[in-house]
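Noted in Swiss-Prot for the protein shown:
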type	residues	note
BINDING	Gly47, Ala48, Ser49, Gly50, Ser51, Gly52, Lys53, Ser54	ATP binding site
DOMAIN	11-231	domain 'ABC transporter'
Amino acid sequence: MTEPNDTGPALQAEHLGKVYDEGPARIEVLSDVSLSVARGEMVAIVGASGSGKSTLLHILGLLDVPSSGTVSVDGVPAAGLSEKRKSALRNRSLGFVYQFHHLLPEFSALDNVAMPLIVRRENRDRARAQAREVLELVGLAAREEHFPGQLSGGERQRVALARALVTRPACVLADEPTGNLDRHTAHNMFELLTRVNRESGTAFVIVTHDPELAARADRQLHMENGRLQPD
């Protein structure tokens, strides 16, 4: 597998298409979508439900394959990679944050954050040390031994963000990261996302319905009928 290239875009997609054949019907979900995300850039993608935003995020995250077009992550083209190598690229160079935190309830905040490194068979002590660093970055150093059930909704989402950052990815893909939070907590999450983006130099691609969060991004793009265009 080609080694990551830290001088080019964190994430690049060219002429993506996605088509589902359902019986006699042919459903085009994405049409000729191209996107280049610079290192350290925050890009917001907005659009109505069903416009193709989540499908695009899944393809950018190497969780789905396009019907046409190419994706490169950290300078590495995904086309032609085996599932094992694609998984390794995803785990090394991408982080994910979802509307629901998906934390493991039986593990502490610290061990939830360290989990991506432990799965990669990193030394456990080193993984926990790295997890402590990112928990401090998101303001939860004092809560590392608490379990998800002992944390507020906003704290759980911050743990999820720390987990996405612990591998030091080139890019974090966030799908409605504030969608399950109340207005005040969502505002605090906006502040955290922009600060982490600035301080860590990690690129972010954020799918959101929230105009306030989208307005904080370096660039806003609008998805409509499977096509991506400047907002």
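Glycine is no exception: its Cβ is also placed from the backbone N, Cα and C atoms.
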Residues satisfying Cβ distance under 8 Å from Ala48 (ATP binding site), sequence separation of at least 6: Glu224
Binding-site residues listed as Gly47, Gly50, Gly52, least Cβ neighbours within 10 Å: Gly50
Proximal but sequence-remote residues of the same chain as Ser51 (ATP binding site) (Cβ under 8 Å, at least 6 apart): Met223, Glu224, Asn225, Gly226
Confidence summary for the domain 'ABC transporter' (11-231), mean pLDDT rounded: 89
Remaining residues near the recorded ATP site, that is with C-beta within 8 Å of the centroid of the site residues Gly47, Ala48, Ser49, Gly50, Ser51, Gly52, Lys53, Ser54: Met223
Those binding-site residues listed as Ser49, Ser54, and which of them has the most Cβ atoms within 10 Å of its own Cβ: Ser54
Neighbourhood of Lys53 (ATP binding site) by C-beta distance under 8 A, where only residues 6 or more apart in the same chain count: Ile45, Val46, Gly47, Val207, Met223
